[in-house]
């Protein structure tokens, strides 16, 4: 009988992960090296730190240089700029504020910033800011916006191209403002709210918005056109692209997001679930708060094509998921992130409890990152 049911399982094709031989540490290291080494060569990446979460624990791999001039190697402690992966932290912090009853995604934006008196802001909700559907806020906050007065002027003068909740246009100016307003009821500045409500409870002790003096020795240089660069400060940078961290903290971040049931803090646990909830469908992709999800299984080319800037940064029509769907374990959950000198990628599949973090000190095309990550995770199944 036992043999018969085993045969049935094989015939039904449900045996893949249940009956797959576990990948050994040595095999995993080989898969990572055989994927990352040619990628770095092809994309001229000076240094990379990779974490693979497999069988309940992170495995770390480091390659190349954190600082070319000083000949400093990348280590698991090296700090990288996350770029837009910072948005996943903003999404979870916003989710935590919702869980505490401080804000609601259905609230009007003007409730948290009454000075926004422009007619165009009527009918724009916190949800629209958080998910890039306010009507066409720009990718970047303009450089001339340097203080709160010019920030207010910028948002007052902005005119939407589309009705709220109809079109997704990826924008730092959208989720950045969501993050800034979401913490207002807490009475804390953004950095303090992030530290006390998200970073500390998850023991992410080497994750920073502003890298302290004592940690500067670990901060990698980014490289752009052969020059060493780091991100410049800007309005709403903390919320949209300002987090710096190491591969160990990022692995812990992925594990917390992949298994929120293991998070002790009740509002944070709920905040993580809200960030991976599905608010809009855009083609085969679902928009969360910071996180983006596709139904698993998904073909590599679907994920790769969706990550291309031509698609990711294009205005696309949205279909509302109403009510929002709670997190789906059979999902490819991911986010890309770049600054002038850094390029990162994070992806995980909650159902399989596998995930990957790829941090690099140069910005290179998203499709190459996604392809490499997919290849490595595919080898674990």
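Glycine too: its Cβ is placed from the backbone N, Cα and C atoms.
Predicted, not measured: the structure shown is a model, and the values here were computed from it.
Annotated active site, acyl-ester intermediate per Swiss-Prot: 84, in sequence order. Annotation comment: Swiss-Prot describes 170 as active site, proton acceptor. For 335, 336, 337, the entry in Swiss-Prot reads substrate binding site. The signal peptide feature in Swiss-Prot is assigned to 1-20.
The structure, with features from Swiss-Prot marked on it.
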| residue | record | DSSP class |
| --- | --- | --- |
| 84 | active site, acyl-ester intermediate | helix |
| 170 | active site, proton acceptor | coil |
| 335 | substrate binding site | strand |
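Within the same chain, residues at least 6 positions away in sequence whose Cβ sits under 8 Å from that of residue 335 (substrate binding site) are 84, 85, 87, 88, 290, 291, 292, 345, 346. Annotated pair residue 170 (active site, proton acceptor) and residue 337 (substrate binding site), C-alpha to C-alpha distance, rounded: 12 Å. Close to the recorded substrate site, the chain also has 82, 83, 84, 85, 87, 88, 334, 338, 344, 345, 346, 366: residues not among 335, 336, 337 whose Cβ is within 8 Å of the site's Cβ mean position. When Cβ atoms from all protein chains are considered, those within 10 Å of the residue listed as 'active site, acyl-ester intermediate' total 21, not counting its own. With a cut-off of 8 Å between CB atoms and residues at least 6 apart in sequence, the same chain places 82, 83, 84, 85, 86, 87, 241, 343, 344, 345, 346 near residue 337 (substrate binding site), listed in sequence order.
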